[in-house]
């Protein structure tokens, strides 16, 4: 059953600097939602009371497929920027939320693998123009590498994508990363669903393209614990002005 994909979770409204969270759930899991970040947002609020905090959602597969997920995220984030007067945006995505963050950074309007039309291009440009930090937390970045390591994960990949050809690998898209936002790649040693291979794949691509990034690897709990972890909250706060 699909939930209300237009729902935005408001954790804190404090000013024009804002963190926006994107949840995971393998593009298919209704158990993951913007509320995933309630505990993390509360931890961040303790030490960063001037940062507004929101979380958005997106329609799930198999009812819809890529690129609808990224189109929904861009739509909702751009709406927040306009309605809340956000001037400095910090994105944090967990699991496929990190995938979506990467796609927001690198999507090429007009490419068949991404949403079509001038409306998407305009809203994507607005989101990118506001970006300051992007936190990629225990993310999926290469479907090809993912399925080589976890063949059984095709059960959700095949629901979210008509074909692997519809997914642009970071090795193809990294060259379009702008010099603006600071990238943070975060991974938990204890993640039982994703080893470090996805993170290592992405950082190798970033290094090959000489794109600066910050890497934070630590014991941050299991896959569904990372986005509640106090160390992650402390890391985020340390990056904010």
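Numbering starts at 1 and runs along the chain as displayed.
Heads up, the Cβ atoms here are built off N, Cα and C, so glycines get one too.
Among the features that Swiss-Prot reports, motif 'HGGXW' is placed at 23-27. Across the motif 'HGGXW' (23-27), the prediction's mean pLDDT works out to 98.
Cβ environment of residue 95 (active site, nucleophile): 23, 24, 25, 26, 32, 137, 138, 139, 140, 193, 194, 223 lie under 8 Å away, each six or more residues apart in the same chain. Residues or ranges marked as active site, nucleophile by Swiss-Prot on the basis of sequence analysis: 95.
Under the heading active site, Swiss-Prot lists 191 (among others). Under the three-state DSSP scheme, residue 191 (active site) falls in the coil class.
In the three-state DSSP reading, residue 223 (active site) counts as coil. Marked as active site by Swiss-Prot on the basis of sequence analysis: 223 (among others).
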*Tell me, by DSSP, whether residue 95 (active site, nucleophile) is helix, strand or coil?*
coil
